[in-house]
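Peer 1: The structure under discussion is supplied below as structure tokens; questions concerning it will follow.
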């Protein structure tokens, strides 16, 4: 109400389409280039390059899940484009992510609904420094199985299409270029979502390093690789504004954001999470939801 000019930012980011296409082409080129390398170099490039592209692509899919590519009026175009963006990640992800991520926005911290909240087992077991380190390494595994434990949903037609498209793509890559290209693709995705500087955003977004503050923004340089997902308070306030425009939201409404707790290093977030004995997977706000709950 105070800044009506923010409404002008609620429109698709068509540049996202071309960025995603270029990222897919970059990974396709990498699949070809690694096919004859020694294994040590396949592992090296999977972590140094492939992991960055894969993690960045998951955040492109995050943007697409909010219909940022083609707009709300072409929702299905966004779903098909998300399946396309998913291809170089190697594992079907886009459609399921969309379904659960909308719950995360509607019912942030909702017990049994928001699968971004760690399970009781995670909080109970990963409570020492070493175990928290292992938990960070295994984050892709927990993000994959947590929905099945907390809030399983019937498989949709689009999820089956996502799965079949992904399996077909993987088979084609294996047939054309062999096992090293497949390993590079899958290892890059797992490594990029585990022990990796960009993965600091998983913890930075909603873990309560300070009591009373549930969501935190990060304003460091890695936003350039992550479609400004670090602007997380801004994103939750205006989920229909593409990441490209979130810095403008902060600039326009600076009085609402500048004085909130914020981060400038995701690497430090990972370090502090492991070393601070008062922080664990339990350090999340969990709510008991009341009234009607509507899920995708």
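Even glycines carry a Cβ here, placed using N, Cα and C.
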Peer 1: When TrEMBL marks a stretch as transmembrane segment, which of 16-34, 111-129 is it?
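Peer 2: Transmembrane segment, as annotated by TrEMBL, spans 16-34.
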Peer 1: I'm checking region-level scores; what's the whole-number mean pLDDT for the domain 'Fatty acid desaturase' (40-262)?
Peer 2: 95
